Amino acid sequence: MKLKGSAWIAWIFLLPSLLTIGLVIFYPLAKEIRYSFTDQGQISFQHYIELFGSFFSSNSVFRDVMFQTVAWTVINLFLQFTIGLVLALLLHRIRKGRTIYQTLLMIPWVVPSFVGAYAWLWLVHDRFGFMNQALHKVRLPIFHWLDDGTITMLLVIMVNVWIGVPFMMITFLSGLRSIPTSLYEAARIEGASSWQQLTHITLPLLRPVAATATALGMIWTFNMFNVIYIVSSGGPANSTETLITYTYQEAFQNGNIGVASTYGVVILSFLIAFTLYYQRVLKANQNEGMYY
Amino acid sequence: MRKSNKWVHILLGIASFVSVFPILWLLLTSFKPVSEIYSDTFRILPKAFTIENYVDVFTRSGGVFWTWFLNSVIISILTTVIGLILSTTAAYAISRFRFRGRKGITMSFLLTQMFPGILLIVPLYIMIDQLGLLNTYVGVVFAYLAITVPFCVMVLKNFFDAIPIEIEEAARMDGCSQLGIFWRMVLPLSLPGLAITAFYSFLTTWNEFIIAVTFLKSHDMYTLPVGLHHFVNQFSTQYHLMAAAAMIITVPTLLLFFFAQRLVSNRYFYKKG
């Protein structure tokens, strides 16, 4: 199938992009790995020892950040998946008004994520934000949304769920559309209830789509920076920092290039491990859209 | 209509409301006078509808907003054009030729398209600083290529894979050169793919936040997202300006998205930058 014996032409076609990618991705990446093994100009494992050695001590920022990253990713993914699936099933049931609902529901995804984050920041403004003014109006005590670690975490998760649900929904919807209606007709003739149709036809056939959506949703959630940086800046007291946001803080606010690079290497290891796993998922669902 | 559909509409109505409300509220804020925005009386609709926030955004500091707008346009176009040249050629090579290292190269594009900007931002910052390119178009475009090229290569490869190789062989019989085949046949046949990657690159760059905030330092080099950040951060809380600027940035994004979605099948459209 492929053209053979013209490898040198292939390299000419590849050269410009390989040079660029080498310069803007692989060279910096190599530098980053080197910084992580450098302490005061000397090769050392100091940063790794500090990170992992103190993992079980009571004041390990690294452990907190790891824990928060896991919580952030898992809770986000669970909510996005569930809400997205329910909305897709609802949308699939109706014909009248579907386009309008779908357009409105896509808005959080289409709007730039930093604009969405600023919109939420303005909603929860202590004095002039919608939330507190509405609470005040109905004579409830106002609430400091960004003062408590747990509540702030829930808030930033909510903002990210708001952003991420449309993608899940649209992916599930395209999955639902590809299920042949004849299956449901057959099931109805056999006397299957709608609940049985859901659990025996719809959900099993959505599995490949769900796997892809979960993998992508997970990467994007793990990689998400804007929402946390804008809404909570990782605070209060680092309680909403994830690996991604904390790397930035170490580098550009605390000026610890070595520590930030070490966090970078941890992130890189996660992503590589995940890609290897993701490859297997993709192989299992060959013709699902992989490059969204 | 079945009775149970009533609940479907109620639930979808609530969900639609939640998904629109934060942006709608920002839109309403952008049309309120400053005295109403920073007031303790709660109102939903503006009492005195005004465009003074928009006028303020466009005219303050000698109309610097236009400079930001222009910077955004220049950087987005540069990234899109350079990125497309790099990724079409690369995608063509890995789609059509068999050569040593092809698998490794494909894999590295697949892997790097998952990298978040933050992973590279620290070493890139140092590198671009050493080259003296901080606070320049070139520096930012460099960083953006790291984000857009791997994704574009993978999308375009899919499109090129779908073009039958027999067409190329026929052209070769007729004496067309390799470059001619690429330029006159393959590219025109994969226009939808080029459109998708161009839209993607442009929107990703237009909406990129943190690299711009970190790399662009002087007021006259800001892109629109940096300008927005400049209105609301730890030193400044001008929410009225932020609201107006946010709307100005968002409207082209919305238009482009819904317009492009009609043009091409939407499965490639949902990568969040």
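The backbone N, Cα and C atoms fix where each Cβ goes, and this holds for glycine too.
Note that TrEMBL annotation is computational and uncurated.
According to TrEMBL, the feature domain 'ABC transmembrane type-1' maps to B:69-260.
Remote same-chain partners of the transmembrane segment (B:7-28), defined as residues 6 or more beyond its termini with a Cβ less than 8 Å from a stretch Cβ, comprise 44-46, 243, 246-247, 250. As annotated by TrEMBL, transmembrane segment applies to B:7-28 (among others).
Look at TrEMBL and you will find B:68-94 (among others) tagged as transmembrane segment. Beyond the ends of the transmembrane segment (B:68-94), by six or more residues, the same chain brings 102, 105-106, 109, 137, 140-141, 144-145, 148-149, 152-157, 159-160, 182, 186-187, 194, 197-198, 201-202, 205-206, 216, 221-227 to within a C-beta distance below 8 angstroms of the stretch.
Annotation source TrEMBL lists transmembrane segment at B:106-128 (among others). With a threshold of 8 Å between CB atoms, the same-chain residues lying at least 6 positions outside the transmembrane segment (B:106-128) that come near it are 90, 94, 134, 139, 142-143, 146-147, 150-151, 153-154, 157, 208, 210-211, 214-215.
For B:134-160 (among others), the entry in TrEMBL reads transmembrane segment.
For B:181-203 (among others), the entry in TrEMBL reads transmembrane segment.
Residues or ranges marked as transmembrane segment by TrEMBL: B:239-260 (among others).
Outside the transmembrane segment (B:239-260), and at least 6 residues removed from its termini, the chain residues within Cβ reach (under 8 Å) are 23, 26-27, 29-30, 32, 34, 37-38, 53-54, 56-57, 60, 65, 195-196, 199, 202-203, 206-207, 224-225, 227-228, 231-232, 269.
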